[in-house]
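K.L.:
Below you will find the structure I want to go over with you.
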Amino acid sequence: MAAGGSSSGQPQFIARAGNESFSHAPLIENPETDQIVVPDKKSWKNLFAYMGPGFLVSIAYIDPGNFETDLQSGAQYKYELLWIILVASCAALIIQSLAANLGVVTGKHLAEHCKAEYPKVQNFILWVLAEIAIVACDIPEVIGTAFALNMLFSIPVWCGVLLTGLSTLFLLALQQYGIRKLEFLIAFLVLTIAVCFFLELGYAKPDVGEVFYGLFVPQLKGSGATGLAISLLGAMVMPHNLFLHSALVLSRKIPRSVSGIKEACRFYMIESGFALMVAFLINVSVISVSGAVCNSPDLNKEDQMSCNDLDLNKASFLLRNVLGKWSSKLFAIALLASGQSSTITGTYAGQYVMQGFLDLKLTPWVRNFLTRCLAIVPSLIVAIIGGSSGAGKLIIIASMILSFELPFALVPLLKFTSSRTKMGTHVNSTAITVLTWIIGCLIMAINIYYLMTRFIHVLLHNDLQLVAVVFIGILGFSGMAIYLAGIAYLVFRKTKESTHLLALTTEESQQLSNTPSKRSGYGLPNEDLTSMQLPQRVRTTSDDVN
């Protein structure tokens, strides 16, 4: 089959036009774009063509926000919150697979579906919430980079926060050598710190029984543990990742047959599973090392003080057994790499969110600069007032914000992928639908429980006058009511907008797909996705062209 060329061989997709008739229309006007072409044949070797999006998404699971919450979880509660990492990783695999399926089957990413489905006001609110989530995700990257600069060059944290604005220019300079090379470099540096934590496990010698108990026995002791659990959830299952993954899968040009789409969904799930397993092991090792070292009976006073107020800027002592005096430098380099790699994925996610909701496209450096400026302001204020300790707490707050905002991306995703109107024969099975809604409801229940308990605690334990307490209570409970009403609207609103399915949805169309035709069986991604810097070139085989 021809993957492009003349109009007769131009890639087409099939849209339902009646009971037995079908119309063909090109998805974009100019198919001459750099794409990874998946061979139109069944083979396990096709998995290599799908490798990439899952690993890019998994970067968000080992960013500075994750390191911060992992370190504090281990230092304060030892291994008690490991089960959160396990549950969040399993939930992330299922949810990220749904995001990938949505893009593969429909040819549109999540933000585009939201724009088509919801009225203008609701659509605008969802866009604002998505942008806030992206800024909240960028705050740990800003602070993590500032901590890294402090460890490398003894630059004050607040100065490091300002210097992070220059990372946009740094990334642009490296991107001229190809985004793939940049990603491999960052992945290597992050992997370096992962190996160090794995080696440190041998020195720390955490109790295997306690680790497994923490992994498989849920426990939350106190509001502090609940807050950290929410932070871990927010740091693991991020709203912007759902928008990102549903868009990244469209960088592949797959066969538009039923079997081709099923194969793409299956291979994307395998790829995501492998990438998220690596991220899971890294997070478990960080918590285990932190828990074992900070709860060691022979810990000296200096390290004990660091454990009592542990943040990214003090965590390098955990690697001292492996790296000695170089621990802070190598940890700083890996932390810097982690923050910058997350910046790349955040920039892409922001671009897709803006394009999908507003049909507005910005060049990557402008998008990166705007997001970074919004993240710098609160980070700078906290760094000046609270120092590194305050900046570390801001990372936890940012992760909690991500958790609170998750339903406003998760619920639309669950609704769309469970809708036969949008997904056709590739709709979620009953078991997957039930499981994903249970996961979503648990996340929302934990968030609501924490909000209610913390807010009531604040109201009951303060030195304010009664009138002020009543006023704050009215505002707070009104805000919670609006939050719940927004989630309820998304949950109970019936899906109305149909999708021009790229998948074949009827018995007749499946027969049509198996008949010889001069038309290509490939579909193309949306125009805004074809301009992304990843991938850099077309990879084809001799089987692609007959």
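Yeah, the Cβs are placed from backbone N, Cα and C, and that goes for glycine too.
When I checked TrEMBL for this same protein, it listed these features:
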type	residues	note
TRANSMEM	47-62	transmembrane segment
TRANSMEM	82-104	transmembrane segment
TRANSMEM	124-149	transmembrane segment
TRANSMEM	155-172	transmembrane segment
TRANSMEM	184-204	transmembrane segment
TRANSMEM	224-251	transmembrane segment
TRANSMEM	272-293	transmembrane segment
TRANSMEM	330-349	transmembrane segment
TRANSMEM	369-388	transmembrane segment
TRANSMEM	394-414	transmembrane segment
TRANSMEM	434-452	transmembrane segment
TRANSMEM	464-492	transmembrane segment
REGION	512-546	region 'Disordered'
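For each listed feature, how buried is it and what is near it?
P.N.:
Residues 60, 63-65, 67-68, 111, 114, 118, 155, 157-161, 163-164, 167, 235, 238-240, 243, 311-313, 332-333, 335-336, 338-340, 342-343, 346, 349-350, 353-354, 357-358, 371-372, 374-376, 378-379, 383, 388, 391-392, 394-395, 398-399, 401-402, 405, 408-409, 412, 486 of the same chain, all 6+ positions outside the transmembrane segment (124-149), place their C-beta atoms under 8 angstroms from a C-beta of that stretch.
Through the fold, the transmembrane segment (224-251) approaches residues 35-36, 52-54, 56-57, 60-61, 63, 65-66, 68-70, 72-73, 76-77, 80-81, 84-85, 88-89, 91-92, 95-96, 99-100, 102-104, 107, 109-111, 129-130, 133-134, 137, 140, 264, 268, 272, 283, 345-346, 348-350, 352-353, 356, 396, 398-406, 408-410, 413, 443, 446-447, 449-450, 453-454, 525-526, 529, 532, 534-535 of its own chain, all at least 6 residues removed from its boundaries and within a Cβ separation under 8 Å.
For the transmembrane segment (272-293), same-chain residues at least 6 beyond its ends with a Cβ under 8 Å from one of its own Cβ atoms are 53-55, 57-58, 61-62, 66-67, 70-75, 77-79, 81-82, 85-86, 89, 92-93, 96-97, 100, 194, 197-198, 200-201, 204-207, 211, 215, 236, 245, 299, 303, 307, 310, 315, 318.
Away from its own ends, the transmembrane segment (394-414) comes close to residues 64-65, 68-69, 72, 95, 98-99, 102, 110, 113-114, 117, 126, 129-130, 132-133, 136-137, 139-140, 143-144, 227-228, 230-235, 237-240, 242-243, 246, 311-312, 378-379, 382, 386, 433, 436-437, 440, 443-444, 447, 451, 483, 486-487, 490-491 of its chain (Cβ-Cβ under 8 Å, at least six residues beyond either end).
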K.L.:
Hey, which bits of the same chain come close to the transmembrane segment (47-62), Cβ under 8 Å, at least six residues off its ends?
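P.N.:
Same-chain contacts beyond the ends: 36-39, 89, 92, 96, 100, 137, 183, 186-187, 190, 194, 235-236, 238, 240-241, 244-245, 248-249, 251-252, 264, 267-268, 270-276, 278-280, 282-283, 338, 341-342, 344-345, 348, 534-535, 539.
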